[in-house]
Structure formats: C-alpha cells, structure tokens
Amino acid sequence: MTAVPSKRQKLAAQKLLSEGTPTEVLTFEALSLLGQRQEHQHQHQHEADTDVTNGDRSAEQTPNPQSTQPPEEQSQYTPPPPQTELELEIEQLSSTGDGLAYSADKNHVYVVPFSIPGDRVLAKTFPQKPNPLFTHLDFIQVLRPSAQREGVTPGCKYFTVCSGCQLQMMSYEDQLRHKKTIVEKAFKYFSNLDPSRIPPVGETVGSPLQYGYRTKLTPHYDKPPKGADDKTLPAIGFGMKGTRRVLDIEQCPIGTPILNEGFPIERKKVYQTFRKRKAGATILLRESTSRKPIQSDTEKNGSEATRNDDTMAQNIGDSAANRDAGLTSKPDQTVQTEPNSESVASKNEDLNSVSRLEAYIASHNSAPSPLTLPAPKPLSVRRRRRSSGSPEIIYTYDTYKDIKTYTSTGTDWTTEHVGEFVFESRANSFFQNNNSILLSFIRYVRENCLPREEDDTTSNDNNNSNSNDTETANKNPTITSPTTSPSTPSTKTPPIKYLLDAYCGSGLFAVCLSPLFSSVLGIDIDVQGVEAARHNATANAIPNAGFIAADAEYIFADVPFPPDQTAVVIDPPRKGASVDFLRQLCVFGARRVVYVSCNVHTQARDVGMLVSGFDEVKPQGGGDEKQPGGHGKILGGATARPRPQWRYEIESLRGFDFFPQTGHVEGVCFLNRVPN
Ligand SMILES: C[S@@+](CC[C@H](N)C(=O)[O-])C[C@H]1O[C@@H](n2cnc3c(N)ncnc32)[C@H](O)[C@@H]1O
C-alpha cells in the first residue's frame, strides 16, 4: 500500500506537472517509494509498540523514528561527494527505465540506469543540481544479478554506455509487463483523476520485431575541435549515458538492417567533409520500401538478382556470423529464413552486424502477445550493393517482394506499407518508426474506434458511461472483425459516420480508417505532412478524406460534421494537445475519442482534462473565470467563448510497444462523451 503524500508534496508535484519530463516522472515515483517506506515503517512501529506493550524487547531495534517523518520534513539530504561509489539494492524500475534504490538512511532515492529490481549494483555519484528527493548515479556494474536477468543477454555491445536503450537486460515479456506499469503510473500521477475513473490498464501489445525494427535513425556528431586536421574524426552516434558527449557507434541493432547497411556509408561521407564543418549535425537515415508482386517462380527463388549486371549479389547466410547463428547456407545461395531459432536466440549476444541482426530477426518475428499480428516470414533475404554504392535488401515473400533502401536526404520521398495501404512521406516528416507493429495497432484502432452496439450507452445523452462498460471493454480487448460500414443504428442515436483526424501527419489514421466512415477530415501543422496525406488518399483510392494544413485547434472552427455522429482521433506530438484544443473538443462534443500518444504522461494529463471537463467561462465584469478540474488556462477572448457541454469517460486504456528495448510506450485510450 502506498502512503498518501502530504498536501505540500502534492502541490510541489503539481507545480512541476507539464510535459512528463523524466524529472517530473521521477519526482512522483521517488515520492511514492519514500511513501511506501514510511508506510512500512509506520506499520513496523505500530507492531513494535504493540510488542513493547506485550513485553517484547526486540521492539527497541525499531529504526530511527525520525525517518518515519515525511521526506520534506527531514533534514536536507546531502549526497556524497562526486565519484563516491555506492553499493545499492534496486527496489523498483521507474517509468524512465532506471532502477530506484534507497539511500542508506532510507530517506532519499538513488536513480541507477541499467539496473532492475533484485539487482545489487555498484554505482557512483557525479556532480549535479541537488534534488531533495532523488539523485542520479552512474552505473558501474552488477554485483548480484536480479533473477529477472536470467537467460537474457543484451543484444547491443553499446548497451550501458549508449543512452538510447534502457531495457535490454530484461526479457521481452518483462519489458511488456513493465510498460503496463508505465501506463498505470502515468494515469495515476498525471491525470489528476480519482482512481475510480481510470479503468484497469490492458496488457501491453508487443512488437513482432524486438530488434531491427526502427525505420528511422538520427545519429549525430559535434563540431570539429579547434586545430582539427585530416586525421581528426568525430564520434558519430548517440548520447553517451550520463555525459554530454557523443558515443561513437558503428551499428544500432534496434535500427532495421538496411539502415545499418547505410550507417557506415553515411559515416564515411561525414569523415570526408568533417574538417571543413563549422558545426555539428544530425545524420538522417530513413528506410523506404518498394513492394513488387512476384511474377514467377524464378523470381521467388531469388535468382534474378544474380542476373542483374548492376548488382553484386550477396548471401546473408554466407557470413561467419550466420554460421555462428545457426544458419546453414552454401555460397551463392539465397538464405532460407527458417533458421534454427534456438541456436540463433542463444547466440544473440551481439547484434552489431547486419548479418547477425538479420538472422536474429528471422528467428524472432512471431507474435509476442495475443493482439500482435506476427511479422510475415520472408522466404529469402538478399543483400546487394548497386554500382552507385547504395545498398538494397530484398525480402522475398510468397506473393511479393520488398526492396528496402534508405535515404539520408530529408526531402526525399520514402514509402511504407501498412497492410493493404501504401504511404509516402518526406524522409524528414513524421511517420511511425516501427512498421512491424503498425498492422496490429491499426487493426486494434479500427476494431475499436466505433462503439460496439451493446456498449453504446454513452452515446445517449441521458446516460453516463459506467464502470461496467469499462470492465466489458477490458475483458474483450479483441472485438469483432473489422466492419466496413458505420456502426449499426442504435434506437436512440444515429451511427457515427464521420472522423476527425487531429494531428494527422501523412494520413495514417485517415486513410486506414476511411472505409469505416462516410467522410474523414485530417489536420496537421506540417504542410509537407498534409501534402503527403492528400497524395496517400489518392494513391490508396480513398475518395472520402480531405486534409487541412493548420494548427489542430482550428479544426473546431468550422467542423462540417454533426458531433453526435463524429469520432475524433488525437495523436499529438510528445508535448500533448493544447488546453484550447481539448476545451474546444468538450464544446464540440464528438461522440467518441481515440487518444494515441508516444508520451503516456502528457496523454494522461490531457485525458484527465477531458474526463474532468471544463467549466463555463462566465462573462467578464463581475463573473468568475474558473475552470474546475484544475484546468483553468484561459486564453484570449474568454468572454465570447461557448460553453463546454461535454466531458468524457475512459472506456479502455493500454500500451502498444512501438519502442522495444527502450523505456517508451505508445498509449491508446478510447473515450466516450457524457454530459458535463
Ligand atoms: C505523433 S505525430 C502523428 C502523425 C500521424 N497521426 C501518424 O500516426 O503518422 C504528431 C503530428 O502532429 C503534428 N503537429 C504538431 N503540432 C501540431 C499542431 N499544433 N497542430 C496540428 N498538428 C501538429 C506533427 O506535424 C505530426 O505530424
């Protein structure tokens, strides 16, 4: 049981609450851990007092009663000087992916990256701005491993030095379980809602690919040091954990194989011009897929590649790495991707080579959770380097082949396939970075974005949603197969026929969900994104989707759809939606809302506002301008603002693991409208 934080502690935490930064998240979690300790000690003290009364002298060994006071009332914590080594027991895994341990006096929390509950670790202090609740430490080594580490070998040789991944020491099942707690804690701490209004969080839906999934990588480098000569080469990669330096990285095993083929090429380009550069920069590596139907058996067997004068066919299975990984292939043969998965899995200790990564992916593309659709297994995988130097990887399936290339030019068009839909977007515009999970994800949203008839009590203006709705939704996470027509007419409310896709990017939701609706309207601030969305609607023969390039707030200015018959998808950037957008949504009152986010903390904050609702803004000159639910940011022109008549109830909530090996999770929340 967790202790209830004091009023002052709560206020301090609320002051901080804005964008779900790691500091905000750790503030709540450190408070909770210290609260648990107090709770435990109060209990211990109570038992001891009882024992003393009963004449048991062991009660005299009760810890210092001072430590049972709330942390804020204890003397200021002074962390040990920098470079002090500490041996610590890890108690919890935070939502930032760091292990949390108590200080020796149990009144302060140490944050230790790359550690998990049950570990005993050696870590050391480093200079930082003091925080009364927690102190970050550098991880040194595991002294006694947690049982959770058993049988797990991190896939990347840079793990514990690179700041990109946090969870490679955990099994994938444990990562999914942990991500469920991230969603739970986000809504507990950031939504400002009474727990009774938050339904149980569903199981996290896993990614078919757990390595080799990221279709975009952005390694970077710093500017040349003074006096740099031709031999001075920069570190190119990602942030070195706990420093401001760049860690030089040759491969990134969470990136797709084609990006890892391209990485050394892009590194070389930087080397050639580095000395003349005035500033550091970021390299863009973005995958693109060209899908071609298979015309003949010869093509299926992959021999056409060797006929092409312009190519140098290469067998993935030809390398020593693949032989080690259990792949059997003879030179000049296409690798059959039915490797001995046991032997691949057991040798996954270092995926920092494209061949090994490819072999690992081939053995790990089954569904890790019930709602995951497994990635299709290629019949063969071939790499080839064109005479231009740009690599290709060709994945041949039963009826089609995917030719993967990459670009480092932001304005280039790239192509992605999601089920039967094809999407083009500029390499520097947003597109979801894990293609392997998109099919499961879109299917889930498609199957749930319309209310099921039996649950559609919330559409009736006289009915509030109740906890039974929520329970039903959570017991039946997979609903029926997708319908191609809007919901069956209810006796009381008309069916939902219209979709607003707020923050639509290149039209992922608008296009994939369009068959369910009569008309779809998308909005995004990125002009290139909207240009792509229009193109994608045409390319997919979608006649009923239109797009506006503008701030999402403007979508409510002149919505052409009746609110009773409208659903809204909200998928904002990490900082979440604006208060004005949310308030206008509560004025408009779309009947159903799907809120998708890569930052569950800002998602929880925004969903909290939708559930609490917004108060009427009374006319100025005597009237109060109050907004209950704590969401009182009133923007210009308050007097003329219409009254929000609606608020929302959460129907269901769960995470999708778009980001395996990292501490991030994509939240998906369905809400229904109720009167305010
Ligand atoms: C997480 S992406 C979602 C894109 C799209 N739904 C998808 O799944 O591909 C967030 C999008 O919000 C857009 N965006 C950011 N701020 C915005 C604003 N104030 N109004 C409208 N769109 C905005 C970005 O351009 C980006 O396309």
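Here the Cβ of each residue, glycine as well, is placed from N, Cα and C on the backbone.
Automated prediction, rather than curation, is the source of TrEMBL annotations.
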Binding-site annotation, TrEMBL, S-adenosyl-L-methionine: partner of Gln432, Tyr503, Asp571 in Asp402, Asp524, Asp526:
Asp524
Looking at 205-227, 366-388, I want to know which stretch TrEMBL calls region 'Disordered'.
366-388
Summarise the region 'Disordered' (366-388) as counts of helix, strand and coil residues per DSSP.
0 helix, 7 strand, 16 coil
Applying a 10 Å Cβ distance cut-off over all chains shown, what neighbour count does Cys598 (active site, nucleophile) have?
19
Rounded to the nearest Å, what's the C-alpha distance separating Tyr503 (S-adenosyl-L-methionine binding site) and Cys598 (active site, nucleophile)? Just drop the number here, would you?
13
If we count other C-beta atoms within 10 Å, could you say which of the binding-site residues Asp524, Asp571 has the fewest?
Asp571
For the S-adenosyl-L-methionine binding site, please report the maximum Cα-Cα distance among Gln432, Tyr503, Asp524, Asp571 in Å.
15
Integer Å distance between the CA atoms belonging to Cys598 (active site, nucleophile) and Asp571 (S-adenosyl-L-methionine binding site):
8
Neighbours of the S-adenosyl-L-methionine site Gln432, Tyr503, Asp524, Asp571: Cβ within 8 Å of the Cβ centroid, same chain, sequence order.
Phe430, Asp501, Cys504, Gly505, Leu508, Phe509, Gly529, Pro572, Pro573, Val596
What are the non-local neighbours of Gln432 (S-adenosyl-L-methionine binding site), defined as same-chain residues 6+ apart in sequence with CB under 8 A from its CB?
Leu438, Leu508, Phe658
Using Cα coordinates, what distance in whole Å links Cys598 (active site, nucleophile) and Asp524 (S-adenosyl-L-methionine binding site)?
17
